[in-house]
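Novice: My questions all concern the structure below.
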Amino acid sequence: MNLLIMGLPGAGKGTQAAKIVEKFGLAHISTGDMFRAAMANQTEMGTLAKSFIDKGELVPDEVTNGIVKERLSESDITKKGFLLDGYPRTIEQAHALDEILSKLNLKLDGVINIDVDPACLVERLSGRIINRKTGETYHKVFNPPADYNEDDYYQREDDKPETVKRRLDVNIAQGHPIIEYYRNKGLVYDIEGNQDINLVFETIAKVLANLS
């Protein structure tokens with residue numbers, strides 16, 4: 001079974017990816033891990049990626065696509081299947097993935113899209129507060145400190161609601177065309193993400209049981 005997992009920041013994608021991998025025994029391929037492994041193992045594409053990163057430049061698509069192809073060519077993929085997390089990020093990468101899978105004689109079975117109302121995500125992501133004295137992290141709504149006094153806590157700039165909203169807007173603009181691309185292929189399974197973590201996973205597990 002070969003899957004993609006998608007979702008906005010704060011939707012719980014990482015949590016659900018870990019649960020899927022544990023239950024279904026898939027190879028978890030996250031872009032960060034994939035880049036680090038390729039560079040550590042000094043693969044052809046990993047060495048090329050490192051040359052861009054060392055110069056502080058963005059890694060071009062063809063190198064990213066090459067790293068994905070290297071990883072999907074490894075022997076564990078045909079045995080286990082995969083869960084790809086964090087790729088593709090653009091329509092061009094989605095087209096490249098189609099070509100990679102075709103060349104490797106693999107096919108995509110489904111795209112798990114964890115769907116959470118952006119307004120809920122703003123509340124989730126912008127509620128983080130940090131104690132000035134202890135550095136401990138709390139959440140205004142979900143994990144408030146017992147002795148909350150506004151003067152004793154601060155918020156990081158990137159946790160402020162307006163910053164979070166801007167970040168989500170960028171992610172929505174980037175992610176929407178990719179989800180629609182796969183929806184048109186009949187591959188997308190929308191999962192209601194604004195519920196208990198275990199309920200979200202139960203829904204995903206039912207979908208995947210029908211796919212496997």
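Backbone N, Cα and C define each Cβ position, glycine as well.
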Novice: Could you tell me which of the ranges 30-59, 90-119 is annotated in Swiss-Prot as region 'NMP'?
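Specialist: It is 30-59 that Swiss-Prot annotates as region 'NMP'.
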Novice: Within 10 Å of each Cβ, count the other Cβ atoms, then let me know which of the binding-site residues GLY10, GLY12, GLY14 comes out lowest.
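Specialist: Relative to the other binding-site residues in GLY10, GLY12, GLY14, GLY14 has the fewest Cβ atoms within 10 Å.
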Novice: Roughly how many Å separate the Cα of GLU57 (AMP binding site) from that of GLY12 (ATP binding site), to the nearest whole number?
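Specialist: Distance between the two Cα atoms comes out at 29 Å.
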Novice: Would you give the longest CA-CA distance, in whole angstrom, between residues of GLY10, ALA11, GLY12, LYS13, GLY14, THR15, ARG128, THR137, TYR138, GLN195, the set recorded as binding ATP?
Specialist: 23
Novice: When the number of other CB atoms within 10 A of each residue's CB is tallied over all shown chains, which of the binding-site residues TYR87, TYR138 has the maximum?
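Specialist: Ranked by Cβ atoms within 10 Å, first place goes to TYR87.
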Novice: Would you report the average pLDDT that the model assigns to the region 'LID' (127-159)?
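Specialist: PLDDT averaged over the stretch: 90.
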